[in-house]
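A.B. asks: Take this structure first; my questions come after.
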Amino acid sequence: MATSMAAASGRFESAKTIEERKEQTRNARAEVLCQAKANFEKEERRKELKRLRGEDTWMLPDVNERIEQFSQEHSVKKKKKNKHSKKAKKEKRKKSKKQKYEKNSESSDSSSSSEDEWVEAVPSQTPDKERAWKMGTAENQNKLFTRMASKFMGKPDGDYYTLDDMFVSKAAERERLGEEEENQRKKAIAEHRSLAAQMEKCLYCFDSSQFPKHLIVAIGVKVYLCLPNVRSLTEGHCLIVPLQHHRAATLLDEDIWEEIQMFRKSLVKMFEDKGLDCIFLETNMGMKKQYHMVYECIPLPKEVGDMAPIYFKKAIMESDEEWSMNKKLIDLSSKDIRKSVPRGLPYFSVDFGLHGGFAHVIEDQHKFPHYFGKEIIGGMLDIEPRLWRKGIRESFEDQRKKALQFAQWWKPYDFTKSKSC
């Protein structure tokens, strides 16, 4: 039997074994390709079915008008910006040309004047004296320059610190600064790429292809109100979300936060008229992953809502690490989350209607569950765990009915129409 030796391992293998191994590799590759093709075709069929059902195009009439208005305003702003940028570029070019011309004229004037001074100062001297004068002047200048450099570098005059030493140290310092700048540039590029990748598949970014527009109820200036794309915990469960990709309430601008509070006040009034309390939740975790901020509103029956602060206080005190660096429970009754938690820290916050609430700085993000607030509400209302743990998918028809019903509730309290957005 013909045999061959594998060079890398030094083992003897028959030609039949080698052929069998190659065949297995070919089969495995073919299986992977078939699976990838099947997944691609399945996704294409799902998209086509979605398009035929009108899931991508159906929206509430008011929302559709608002989006058209947004697109018109955006196009007008873009045109104005382009015009301004072109004008600014032209002005900048003119300015730079003018500065160059002035600089050249100044340099030519100064060179001519220095030549005149040199000619006027030197003629009375003999050639030997002239040479000695020049040498003496250069030596004096070098000495003065060395003394100044030594003082600048913090070296006393008595040390043997020459001009060469200064240039070497300066070059090393410049190289170090260049490396630091390069590292900062690479870090900024990496952060920008990760943010762009996150925004591309973000469910809440207004410009994202994954954004479910059929669940939008109202759009403000910089914030919108929508419904969750999974089955709601309770009837009326909704989300207040910034239009742009912001990570946390502590990082928001003042105008965005004020608009969120306007939505919050309107929702509290709407649910109060229906005899319900409501709780607002925000969980800010995974700062490196740069998730979109979501402010959840979950309505509860009055008797459950009255007991909610006790449940949440106990759960927060028992959560996370036993020994924590930060205060375990932060009271939000006197000041909001933006004045209570430092920027950049992961946290969980809960507000009970308009009466403030609690916040907790998360010590260990691996131990703290992202569904912490929903789990407490699920325990209070005895809801099955799969609803608050991962969420149950809903059909497009169910989501459409949910959006239409909530829009009817929201219509009398919608402040976005009265505002000049």
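Glycine is treated like the rest: Cβ placed from N, Cα and C.
Okay, so TrEMBL annotates it like this:
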type	residues	note
COMPBIAS	13-29	compositional bias 'Basic and acidic residues'
COMPBIAS	39-56	compositional bias 'Basic and acidic residues'
COMPBIAS	76-98	compositional bias 'Basic residues'
DOMAIN	191-313	domain 'Cwf19-like C-terminal'
DOMAIN	322-416	domain 'Cwf19-like protein C-terminal'
REGION	1-138	region 'Disordered'
A.B. asks: Under DSSP, the domain 'Cwf19-like C-terminal' (191-313) has how many residues in helix, strand and coil?
C.D. replies: 48 helix, 30 strand, 45 coil
A.B. asks: Tell me the residue counts in helix, strand and coil for the compositional bias 'Basic and acidic residues' (13-29), as DSSP assigns them.
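C.D. replies: Breakdown, helix to coil: 15 helix, 2 strand, 0 coil.
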A.B. asks: Could you tell me the mean pLDDT over the domain 'Cwf19-like C-terminal' (191-313), as a whole number?
C.D. replies: 89
A.B. asks: Using DSSP, break the domain 'Cwf19-like protein C-terminal' (322-416) down into helix, strand and coil residues and give each count.
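C.D. replies: Taking each residue of the domain 'Cwf19-like protein C-terminal' (322-416) in turn, the totals are 37 helix, 14 strand, 44 coil.
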